[in-house]
Amino acid sequence: MLQQFCLWKWLAVGIAVATILASSLAQNDEDCKLARTGPPATIVPIDEESRNGTILVDNMLIKGTAAGPDPTIELSLKDNVDYWVILDPISQRLYLNSTGRVLDRDPPMSIQSIVVQVQCVNKKVGTIINHEVRIVVRDRNDNSPQFQQQRYYVAVNELTPVGTTIFTGFSGNNGATDIDDGPNGQIEYVIQYNPNDKTSNRTFDIPLTLSGAVVLRERLNYEEKTRYFVIVQANDRAQNLHERRTSTTTLTVDVLDGDDLGPMFLPCVLVNNTRDCRPLTYQASLPELTDPVHVNPISVTPPIQAIDQDRNIQPPSDRPGILYSILVGTPEDYPQYFHMNLTTAELTLLKPINRDLHQKFDLVIKAEQDNGHPLPAFANLHIEVLDENNQKPYFTKSTYEGFILESSPVGTTISDSRNLTSPLQITVLDNDVEETKDPQLHLFLNDYNTFFTVTQSGITRYLTLLQPVDREAQQLYTFSMIASDGVQESTPVTVNIVVIDANDNSPTFSNISYNVKIYTDMGPGEGVIKLTAVDADEGPNGQIVYEILAGDQGDFIINDRTGLIAIAPGVVLSVGRSYALTVKASDSAPPAQRRSSITTVYIEVLPPNNQSPPRFPQLMYSLEVSEAMRTGAILLNLQAFDREGDPIRYLIENGDPQQVFNLSQSSGLLALGKPLDRESTDRYILIVTASDGRPDGTSTATVNIVVTDVNDNGPVFDMFLPKNLSVQEEEANAFVGQVRATDPDAGVNGQVHYSLANFKNLFRITSNGSIYTAVKLNREVRDYYELIVEATDGAVDPRRSTLTLAIKVLDIDDNSPVFTNASYSVLVPENLPPGTVFLQIEAKDVDLGSNVTYRIRTQEALEYFALNKYTGELSLLKSLDYESFSDTDATFTFLVEAFDSKGTMPPGLATVTVRVKDMNDYSPVFSKTLYRGMVAPDAVKGTVITTVSAEDQDPPGTPASRVRYKVDVVQFPYSASIFDVEENSGRVVTRVNLNEEPSTVFKLVVIAYDDGDPVKFNTTTVEIAVLQPSVIPRFTQDEYRPPPVSESAPKGTVVTVVMAAALNQTIVYSIVSGNEEDVFAINNRTGVISVKKPLDYERVTSYELRVQADSLQVVRSNLRVPSKSNTAKVFIEVKDENDHAPVFTKKMYIGGVSEDAKMFSSVLKVKADDKDTGNYSAMQYRLIIPPIKDGKEGFVIEAYTGLIKTAMLFKNMRRSYFKFQVIATDDYGKGLSSKADVLVSVVNQLDMQVIVSNVPPTLVEQNKDQLIGILERYVQDQIPGATVVVESIGARRFGDGYSEEDYTKSDLMVYAIDPQTNRAIMRNELFKFLDGKLLDINKEFQPYLGQGGRILEIRTPDVVANVKKQAQAVGYTEGALLALAVIIILCCMPAILIVMVSYRQRQAECAKTARIQMALPAGKPASTAANNLYEELGDSTILFLLYHFQQSRGKKSVLEEGDRQRVISSFASRAIEAHKQSNINGSLNNNLPKSSSNITFLSDENPLTTQNPLYVEGVTQSPAAAGLLRKRSDALDTLSPMQLVLRDASLGGSHRAWTVPAHVTKRHAPGSLSRPVIMDPVQWQQERLKAENEGTENQHSRVDISSPLFQKISGPTLTVKEKARQFEQQALQEMKQVKSPDVKSTRSPTHSICLQERDNTLEQSPKSVFASPCLRSSPLSSPTPCEVVEPEPSAVPSVIITHHDYPEELSPPPTRKPTPPSFRIKKPVCQSFLAPQTKGEVTENIPDPPKTPPPPPPLLPPPPPSPPLLPPHPPTLPLASVPSSSSLPSTQHLSPAKHSKSPAKQPAVPPPAAVPEPPPRRELKGILKNIQNLAAIEKSVANMYSQIDKNHVLPKHISKLKPVATPELPTPEAAAEHNQQNGNLSCVVEELEKRFPSQSTAL
């Protein structure tokens, strides 16, 4: 046993080991394999230029472990070229190895992929597996495009058409290249804006951006611009626009001059701002009867010359010559007298002209080009024929006297009077010339010709001033004047010119100042000194007036005429006083021209005897002397005064070492002795002495003389600066050199300014003398400049000096070689041997040191031609054969280019056209060697006799193959004189009218020749026989005019019959002309002409046939004999038939009509054309249109004009459209018809745009169709087939509200209609279509709007703009309303404050009234007590109820009071019973669930129970929210599902029972309010009948319907107190409405808190069921039944109010059974409303109550007293007793389905808790002592008040409603119980009356 156990144990161990080994071996086999699926190779992408260490493969996913103590695999890299990859074997990760290098996919590295092998060695098994890793290098856009050349060049002729490709140099490898790959390497070319050449980007374009072909976009004009610099940008096509790289180059486009302008006559005076010349008239004059030899060529002024405006056509040999001619002239026989040389324009006289016949010639001369493209120019030539010069010129006067003001400027005309108002007219005539014409005389002055000159043209001449005159120098100029006509001279006349004085001289004193000594013994009036001033003028200008200006101090006076200064009267002189009088001398000229000067008189008062030394008037004298002062000029009077009068001697003691000044020793006058030079000495200080010869008789004075500067020195250039300068061409603002100049003068006279005297447009100089180039210089235009620099100082009359600089322009390689001809054309004869040189081309490079080489650029031409690269000789490589080419292509055209071997500029290009000349190989060959013909002896000129024909075997279309004919005049000259052959057709005709003898035979030799080179020819002979007249038939009529033939005439219809007669001859008829289309046929024997082919009047209206009659003998010989008699004309008229239907000009007419269009407004005009004529083309139009509105057609059409008009109004029909058909019938509606479609779309100004142009509306109206066509084309570019319609054309409207009009501009209002949508295109879209193309539209509008006419803007119509403006602005009415609202709010603020204060007062009264104590008998217990009623209602509610109760008691009738007492008693009993259930041990149990009891106002029909939303938890319908619904809904007439019958219509309402539930438990809400129930009226009645049959057994299972009256409304939910306060507010509002005298009918119950206006009794019921349908707030919806929830059996008993005390006569029997509810919409009166709804699902969710309290309710004043509505003592109705809860009969309820959910069970009542001792309170008296928990009773009473009819106003007429099912009568026990409760209620009321009398709480 043990052995077996060991055996089995070892066997198990072996099996385990084997299993482990097997699994290990299997695992080893999987190592080195990939752990992933998919392809074996690993492919990863990587961007080029990735950084070193970038992870290539995160994990190779190779099975096995390469790390650890026992690795299973070993990894390594193989084929790792350049070691780009690094392997981490542990993590199986691959890295990029780019250390010290960059992974670049682009050349030169060009690494596009890297392939390595990851080798895996299985260390367990030993197998090796290689895993391929392929790394794809992705391209990055890291290279910019690179152009192969820095610049590109192309030359374009200005006549190149727009759209021509002018440059393809960017194609291939010549453009830009990008070494990137894919889109990064693809190149696009675009033209960029060049700020230095602003028109280049719009002149050229690259439409195909990938090809780079430059296309001409705008027309070139060599005269405006000769070169363009086009910036071409090359960019790659990277996907990300921001990553695209670009580079630019410049394409230089030279515009070549083309022959687009004609000649122009010189001289050309341009019209302002144009290139047009003003009309030019050449003048010439010829003496009469002059021999042409003496005057030829005629002298013309100016010489006639015209030049071609295209002055630079290359090569010069292509420039056209100019041909001159006289186009037209008057008189018409001018060609007899004049001839103009065709090339030189020399005018020659052909014969003498008699002036009696012709006095003048007015000719129009023409100059045109000689190249077949004339482009003529015109000028006028006026030639005067002069009378024979045998009369002397003569003046009309013998003496002329003129006047001129001496101050007149040069050029003034001499006047004929002293007032200088009119010029002096010198009239000179010559009797050889008409008096009205200029005699063209020359006038000469024999003297004073440097002062005066005379005009040299016209009959009247004028003398003008050449230089100023001075009257003071010479007052009268007298000279003689002679007139000469070149042959004879006139008699001299005398001319006296009087110079009128001008006030040009000022009065001058002899001295600058005067010194006078006077003595104290001199008396008043005694003279002191007499001053004299001199004025050279005459008259008032020379009369001098003196006056003392200052310094006299009132002691001296002066005579204004004599200048005598005397002592003033009454003056006593004092010794030692001195005076300095300033005296002015003025002339008597007018004040504006008056001149004056002043002097100073120094007066010193001395005693009668004086022994003192001489004294100078001043110790210091200061004066300024100009350095230009003349020598000898008196500078200063230094006269001293000596009292004794001793002689004084004056000397200069110091300060004048060079003796520049002279001082008179005796007079003291200081004069200038030598010239002054400020630049050497600018100041002198002289010490002057005066001595009388006595000791101490010397005094001194100092004279300070400042030498002022004059501009006597010019600027001097620095000659050490270089004057030979150089500058490189093609550089703007390049520095050229520097100059410097100095001026020794002072101030502005020494300030130096530089300027250039020449080449100012090429160079500029700065203020410091630096010279720069102003523009780029072109050495090829000019390589050397002598620039003159001028330096000026700053003086008024500046001095100048100049310096000449030599500037050499240095060359750069900036020009390509230019061929002497832009194109070469050569004619090469065929069959020339190879090597023949047939053309030499030449190109020149204006750059220095250039060597030009040539080559053929077109590869195809290299097969035939060779070009010597140095000489430019073109030669043949092989012989050319003309016949080897096609008929039209025997021409080679290829490009040759010239290179500058050392330069970098693009090559010059030229076009060579080689035309192979066909050599004439064959001669023409006639078809016959002999031709015969016959002719009548009287044949007229041009009669065709026969036709010769020859052919040439040369290639067709070549000149060598063209055959022409002529007559050999050498052989048979007479025959050649009467017969001829037509050159091209070969027809032999008579040259003259024949008159030959019959039977004569003539021979004529005809030559056929070609136009080949050389010309080859051949001859043939023609024999012409003249027939006898008798054998020639003669027609009976020369013309036949048959009746018109209908165009529908069938074939064979006879047209007419022609007849001819001949002697013994059989006549054969034929049609010889006019029947080219073979329309008619003639019977050759009978002469009957018939129709052969159908006629078409629309194509040919008439035929003119020429028929010929010949004898049968002649016909048989295949000849014809035309003569005068054997031919006749047949005129056949074709009669039109109505064989063409009308054709409309369009298949569909599209138009529009405005919404505000009036009746019969024009919409559009249709037109149909008919090829027929007459009435057959007269149209009648009609419409096929279905009725549009009220059975009327919307449009009508004028029957004969096609004008469609409106027949209805289209108001508010925008975006509508109408489609109909128009039918056109010709022959005024009796003929053929055709139809077209018409589309009319209704638009308004919202669809329109206004096109404002600067031309008048009339011009727009005239060109409306053309302008609309242009607009339509641009709109159709966006929307094919669109039509543009004109709405109106008027004056431009502008200003505020577009109320102003400008008739110089126009508004064109248009809109466009889309044929796809049949509606107007949106206004914004139309604006985009037109505004984006405004420039192009203006270009096309230009021919129609005139010069300068254009579109100014495109805007929206003024109506749309005004609507927008009005929508943005608040009107005055709105503003006034807003202001009124603000005022009302401000006025309401005091009222709000009063309400708040009153509310506080009411709260205080509420607290007092709440302490009312009342004792009531015990009621019957109920199943569930009401809980927390006091807290739920709040003190405000109690206050309101008491207030309302007291007001009602005091103002209502006895009947109303009794009803109210019964209600209160019954309600109070129920409240106490409910209170006892919630009272445990005298305390209020707050943990019990809230009551679900109901208070129901019951009508005499089935009670309908509803919940009171005031106490329902979670209901969001607050009075505020209900107010929202009231705004959105209408009140319903009834909510009951029964139709009631009322006796009086004034009684409103449905008399339904409405139950106000106290509260619904939270857990009841989901089941009662969220479950939808759908019930229609039929289902409702069935359910109702079913509920009636259930009886009392189902009483406990009936459901209590939760009120679904309110839908879920977003907003805050309210607490119970807040709801109570809002309920109070609502009750006050309803009371006010009910008591208002306006209310005519009772309100229907539309809200759970709305009270029925009827009298009710209280009845206790265990439960009541709500059976009213739930309605939504929509006023248009129907009632929808809601789900009914069955309450628990222990539901709170309800207090039921039933009718009582109503007379039976007021309750009529029912007239019909109740029906489902009908609704009547009326004004809402309740807080919330229910709206009808057809059928729907109602789901309500009651949210949680809000946390924010509502605002306090407004306080209302007490309602006014209402009169009683019933008699004071009405009979009472029998009262039903209230049964007990166990025996209460079933009332009429509507109980829906039994599946309604039941509420959850109520929680258990907790055990009583210890109640703390209440605070002390006032001792109660009487019955109130026995009432426990008085507070709870007070709350019950308050609840009672809230449910009483607050608006207890009985209606005037009450109709008692009959219930559907009579309710069971109450039992006697129930009645007794009810009576007992009524009695108790009376006691309660009496006790309340005693304890709390009624009080008013008026606000």
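For all residues, glycine too, the Cβ spot is worked out from N, Cα and C.
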Item to check | Per Swiss-Prot, the disulfide partner of Cys32, chosen from Cys6, Cys120 | outcome: Cys120
Item to check | Highest-contact recorded stretch vs the domain 'Cadherin 2' (148-265), from 510-616, 820-926, 1145-1259, CB pairs under 8 Å | outcome: 820-926
Checklist entry - What are the helix, strand and coil residue counts for the domain 'Cadherin 5' (510-616) according to DSSP? => result 4 helix, 49 strand, 54 coil
Next on the checklist: I'd like to know the mean pLDDT over the domain 'Cadherin 11' (1145-1259).
Outcome noted: 91
Item to check | Cys32 (disulfide bond): secondary structure state under DSSP, collapsed to three categories | outcome: coil
Item to check | C-beta crowding around Cys120 (disulfide bond), within 10 angstroms | outcome: 26
Item to check | Coarse DSSP state, helix versus strand versus coil, of Cys120 (disulfide bond) | outcome: strand
Checklist entry - Residues with Cβ closer than 8 Å to the Cβ of Cys32 (disulfide bond), same chain and 6+ apart in sequence? => result Ile62, Lys63, Gly64, Ile73, Cys120, Val121, Asn122, Thr127, Ile128, Ile129
Checklist entry - Using DSSP, how many residues in the domain 'Cadherin 2' (148-265) fall into helix, strand and coil? => result 11 helix, 49 strand, 58 coil
